[in-house]
């Protein structure tokens, strides 16, 4: 099977975008671009892989394995919301769609895009569906991205002219999504359920979130397909990283997650009622005026905030270490081996499952 090097490049950028969203500096322009867009791009690329592999049985086995890995990673740490379960759902549920004509795949993609926000509204209204279909990776939104990936593989991957058009339009849509987030945040006059349906906030599953994420992901993939034609060799380290994206992502979660778990600020929890009651009675008796009493009472009940609770831990160095490790280790590994470690294990398990099937 011939590798699509532009897809490898896009996969690497999506993974690095998620790493930046996890440990990069907050309140930075790059943070606004990576939050939501990076994981959505990864999901669209899963749809591309779905269309490339095409064997329904192999895809479903892959999906189950990804969900198992995702659950184990989530148990290993709590700071990073693992995306692999949502990706696994794409591989398990969408293989039948591969037999459809593109017009019906596009219709399904649009249907998911319109229905998904409605599910979020129902979830907000009565509290149901949240665990399976809700945040941080709404399942129907991720199915939207998966179906879009199928269309991208069919129509975008081999058309340079279309890649240029999608790059321009998708970039405009993605940029508009970043701007609309600020507008929605200040529009307090919008009814709650309407706001939920149209929400542009990342990982909310709102209509604007999904639509703008689709645009940004399409632009990123189109840009990578064009870039790899012009800078094939210089981009090899990134392409290598993208070729073993599962290994890289798992290593990132297992290294950064526990560090983030253990660097959470010290919680502030002082129960006022646990204070000494006799001391409070002394304050009441000794106060000569109400103002004096009020000041003493406020001091008595005040919570002392530890300095560590006010410090914001900077995880940015983790991003640079992760980036350097990926760009060095991935090319070296692929110099000697055809697949990454976890990619090889995944391949062998799928091969074994297919043999046992027959």
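Glycine residues also receive a Cβ, built from the backbone N, Cα and C atoms like all the rest.
Listed ranges 135-152, 261-278; the one TrEMBL annotates as transmembrane segment is 135-152. In this chain, the transmembrane segment (63-92) touches the transmembrane segment (135-152); three or more CB pairs sit within less than 8 A of each other, excluding pairs fewer than 6 residues apart.
Same-chain neighbours of the transmembrane segment (318-337): 12, 16, 19-20, 23-24, 236-238, 240-241, 243-244, 248, 251-252, 255-256, 259, 344, counting only residues six or more beyond its ends whose CB sits under 8 Å from a CB of the stretch. Nonlocal intrachain contacts for the transmembrane segment (240-260), taken as residues 6+ away from its ends with a CB within less than 8 angstroms of a stretch CB, comprise 3, 7-16, 18-19, 22-23, 69, 73, 76-80, 82, 84, 313, 315, 318, 322, 325-327, 330-331, 333-334, 339-343, 346. Sequence-distant neighbours of the transmembrane segment (205-228) (same chain, 6+ residues past either end, Cβ-Cβ under 8 Å): 5-7, 9-10, 13-14, 33, 36-37, 40-41, 43-45, 48, 113-114, 116-117, 119-120, 134-135, 138, 140-141, 144-145, 148, 152, 156-157, 160, 162-164, 166-174, 176-178, 180, 184, 196-199, 235, 239.
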